[in-house]
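Undergrad: I have a structure here, written as structure tokens, and I will follow up with some questions on it.
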Amino acid sequence: MKSRTGFKAFRAVALVLVVLSLVAPLLWMVAASFKTNVDIYDSSKALIFSPTLDNYGTVLQQANYVQFIFNSLWVAFAATALSLLLGVPAAYAMSRFNMKKSALVVLMARVIPGVSLLVPWYYVFSNMRLVGGFSVLILSHMFVSLPLIVYIMMGFFDGLPDELEEAAQVDGLTPIGAFRRITLPLSVPGIATAGILSFIFSWNNFMFALVLSGADTKTLPVAIFDFVGYASIDWGGLMAATTVVTLPIMVIALFVQKYIVSGLTAGATKG
Amino acid sequence: MSAVIAPDKAPSRANVMPDTPGWARWANDHRKWLFAAPAMAFVAALIIFPLGWTIYLSLTDSSGSVRAESEFIGFRNYIDVLTDTDRFWPAVGRTAAFTGVALLFEVVLGMAIALLLWRPFKGEKWVRVAILLPLVATPVAVGMMWRLIFDPNIGLANQALGWIGIGPQPWLAGQHTALPTTIFIDIWQWTPMVVLILLAGLTSLSEEPQEAAMIDGASPWQRFRHVTLPLLMPTVIVAVLLRGIDALKTFDILYATKGRGGGSFNEVETLNVYAYGLSFDYNEYGLSSTVLILFFLIIIGSMWALTSRRKKEARR
């Protein structure tokens, strides 16, 4: 009994340390976004300072961030929607017909380093005059989203019994009809998981947008670098920019925790 | 001899779909590929041609502009790269060090935290939220955030060291401290991923072996070492595999903290950063393609090594 209370105390201390080390840096980032650059440089104002909204003013007005927020939203949303459209039926077929090798083709995209594809993509897409437009950005983000969605949805369909579909077919539905009217509605939680994760990964993607976006189609992770000059860094503006990028995702994460966790751990326990 | 009428084993298609038009019937019969092919075609189109082209480019002296004339030079790039002890092999070493050290810490810390979270406790929800935050945060933003914290002059890290009487460290700015500091950032952001995976594995374990070991009087450490860990091994390997692939390919954090080229001494120049620089800063397409092919082989090789171990584990 004694050792158990000892363990409980130890666990409480350890968990507080874990939570602090994960959350404190983020709070520090948000705090810096409300400081003037003078206050950021003043170590005596590390914790106590008079907050200012100037940095957010800079970010939203001077750096044209509203446009970049819109760009990020549009690219992530379009890439997710299109990837769901392609990925959900594919995952369904691969799960039902046990198409392991076909699935591997799609999952290859998870393994290949993005740089190795970027030179040829850049060449082809710039010849087609697509670089700097949204279409090529969305395509490249789909390359990230689609394997993720197929992976998550395959696991989901594997766990869905096919008796219901068979019953629906006996009752006169075609196989595709049974998929559309029975399986799809039952898959909403899985689709939500896949969609949310796809959105987050697309929102966070950096390398593809770095090469393939233009001045007007820049996404937020690329736009962050506007605050890094050759000689100096506008730390206040930079931290406001990083807060603008990360905060929406974190708020989403708070509300849909369950889905994110189930997506990130999909297939992990099956060995 | 009268014809034997076979009993209807399954309702014939004509019975099931009397009014179905021909194209819909065709679609139903071919739904396997109708569903799977578009996604496969999309990914294949974005992979196969580029990969083939990269292999071709690696055999040429292409540089300057991808449109420029280039000459086929056989395996000379491969010889150049494989004998390059200035940039290539150090980059391989950094990639291996980054991946190895980050993975080691992430798995050990991740296992410890997952074990702490295993049994229910008060405030569980809040801990889970905290664990999710680094995971969903934009990696570039995370890099920038740590860049401020590790700033030699104004960063929180050196201020904190000052409070406990230790002199300032150069962190990301130092030739020998930059790589360890970026590894630290990777550990901060991705240990939670390992925690989540291992926790999912732990909760799916059956309780009987644990109880049996408890009745036999095994100490907590013995129970972990001889009961929990062996049962959890497949999940550990999945975590290592998933994290390993991404750690090998790390780019965002390195680019955000050190900018182009991995620092003035190339102190954080991993294979990914090196290949990116060769391609998009120096336009050395022939050489960069060679590096990429070798990089690709390294990734496939390490994955193969891990999955064959996973199969061995599964067989046991």
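Just so you know, glycine gets a Cβ as well, placed from its N, Cα and C.
Unlike curated entries, TrEMBL annotations are predicted automatically.
In case it helps, TrEMBL gives these features for our protein:
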| type | residues | note |
| --- | --- | --- |
| TRANSMEM | A:12-34 | transmembrane segment |
| TRANSMEM | A:68-92 | transmembrane segment |
| DOMAIN | A:69-256 | domain 'ABC transmembrane type-1' |
| TRANSMEM | A:104-124 | transmembrane segment |
| TRANSMEM | A:130-154 | transmembrane segment |
| TRANSMEM | A:190-215 | transmembrane segment |
| TRANSMEM | A:235-256 | transmembrane segment |
Undergrad: May I ask whether the transmembrane segment (A:190-215) has at least three C-beta pairs under 8 Å with the transmembrane segment (A:104-124), counting pairs 6 or more apart in sequence?
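TA: Contact confirmed: at least 3 Cβ pairs fall under 8 Å.
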Undergrad: Cβ under 8 Å to the transmembrane segment (A:235-256), counting only same-chain residues 6 or more beyond its ends: which ones?
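TA: For the transmembrane segment (A:235-256), the nonlocal Cβ contacts are 26, 29-30, 32-33, 35-37, 40, 54-56, 58-59, 63, 65, 69, 72, 192, 196, 200, 203-204, 220-221, 223-224, 226-228.
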Undergrad: Any contact between the transmembrane segment (A:68-92) and the transmembrane segment (A:12-34), i.e. 3 or more CB pairs below 8 Å with pairs at least 6 residues apart?
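TA: Judged by the Cβ rule, the two regions do not touch, with the required three close pairs absent.
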